[in-house]
Structures are given as structure tokens and as C-alpha cells.
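Q: Please read through the structure below; I'll follow up with questions.
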Amino acid sequence: MADWLIGIIMGAVEGLTEFLPVSSTGHMILTGHLLGFDDERAKVFEVVIQLGSILAVVVIFWKRLWSLVGIGKVTDGPSLNLLHIIIGMIPAGVLGVLFHSAIKEVLFGPGPVVISLVAGGILMIVAEKFSKPSTARTLDEITYKQAFTIGMFQCLALWPGFSRSGSTISGGLLARVSHTAAAEYTFILAVPMMVAASGLDLIKSWDILSAADIPLFATGFITAFVVAMLAIVSFLKLLSRVKLTPFAYYRFILAAVFYFFIM
């Protein structure tokens, strides 16, 4: 298959699934397997196109991100600030730094991904069933305690297949944060976390890159960016109506497909 077509397909899958609670890792592994694109170059490619998805968040939430560093203000009252983001980053950041190699060796495989797809789906159903009325209906009403709780649930996203958004939105619901506020906080929190993780992986894999890969990587990056923009906007509109449960059942189906086609 032509590199440009692989770039479009993989970029579209990455952009569509990165911020939905369905596990981008599971979809990327499955798609790469079906396309025969799963060597070391493919792993570096996935890191690069993930940056395209991150850029989509930056573009959509640019006013909010500027306000976090003191440039501009989105509301006259109390609002989300940089400390909320730092608090949310600490749990997964510490765990990721301490156990980065072990996580890569133990959890990056078909078996662990199938388990996490199912476990993540169960978590989402449990969160929907046992969540109480929201005390933080908007992003600016999230407390530091709620930010830390969401950050703790983000640790689950270190396990490929759990889904960052699925884990953190579930944590937000259990901490009495609304679906939309939890999702928006999740997307903003993902920017520094994903930039750091992707940057580290890219530095470690730099020697694999070559000039011949630029067209493939550029195609994937641009596709991931455009599709992620559409996916984020659509998901935020959809989430207030359909909740997490349909995504949980989709994860169970994906786990079955993964089991029969990959394992």
C-alpha cells in the first residue's frame, strides 16, 4: 500500500480515537496490523501523528490555554488556573517517570490491551451508574480536589487500551464533575502530558527517522490534526446526550475483535 494512503488511514484513526473514550492505542494496533504497518518506523509514526491530535486541542482551546499562563481571561469570576493543571498532572506524571520502561515492557501487548479495553468499559458503566449530581457543571467550577481525583484516574491511561478520556471522565463523574466539564478538563490536561510523553518517545527514536519518511509523517500529522478537530467538537456536543455507556459497549466489541484478529 502506498505510504500516503497509510498516512491518511492511520492519521484518521488516530485523530478520531485519541480523545474519544474508545482507546486510540487499541485502534492503532489493530489498524497497523491489518495494514501490515507495525514495525519500528510505525511506532515512531504514531508518536508524530499523536502530536497532530494534540495540536487540534491547542487550536480549539487556545483562549483557555493562554489564560492558564496569565494571558487573557475567559471569565470575571474564579476560573480554571495553572495550579488545577499541575495538580492533575502530578499522579500520572510521577508514575510515568518512575515506571516508564516497565510499562512499555509489560503493558504494551495484545493481551494487556484486551484486558484494559474491557476493564475501561466496566469503569465507564460504573461511573455512570454511581455518579451523583454534579457540583462542578462548568470547567471553571472544578475544585483542586476534583482536579487531583481526575489526575489519579489519569494514571489508568498509562495502561494502553484504558483510554485517557474514558478514565478521566469516569473519575470526574465520580468526583461530581459534569460530563462536559470533565471532558474539557481532560483535553486541556492532555496537552502537557502528551507533549511530554510524545517528546520523550520521539527523542529516544530519533535515529530511526529519515528524510524519506517526511511525506508519510506529514500526511499522517495533517490528517490526524483535521480529524481530531472534528472529533473533539462533535464529541463534546454528543457527550451531554449519550453519556459514556454506548462507548463502553463499543469497547467490549473492540476487545472481542482484538482477541480474534490480533491474539
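Think of each number as a place in line: the chain as shown, counted from 1.
Heads up, the Cβ atoms here are built off N, Cα and C, so glycines get one too.
According to Swiss-Prot, the record shows the following:
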TRANSMEM  15-37  transmembrane segment
TRANSMEM  42-62  transmembrane segment
TRANSMEM  83-103  transmembrane segment
TRANSMEM  106-126  transmembrane segment
TRANSMEM  142-162  transmembrane segment
TRANSMEM  183-203  transmembrane segment
TRANSMEM  216-236  transmembrane segment
TRANSMEM  242-262  transmembrane segment
Q: Taking the transmembrane segment (142-162) as the first stretch and the transmembrane segment (216-236) as the second, find out whether 3 or more Cβ pairs fall under 8 Å, excluding pairs closer than 6 in sequence.
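A: Stretch pair does not touch.
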Q: May I ask you to check whether the transmembrane segment (242-262) and the transmembrane segment (106-126) make contact, with contact taken as at least three Cβ pairs under 8 Å and only pairs 6 or more apart in sequence counted?
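A: Taking Cβ pairs at least 6 residues apart, the transmembrane segment (106-126) and the transmembrane segment (242-262) are in contact, with 3 or more under 8 Å.
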Q: For the transmembrane segment (83-103), what are the same-chain contacts with Cβ under 8 Å, counting residues 6+ beyond its ends?
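A: Those are 68, 142, 144, 147-148, 150-152, 154-155, 157-159, 185, 188-189, 192-193, 196-197, 200, in sequence order.
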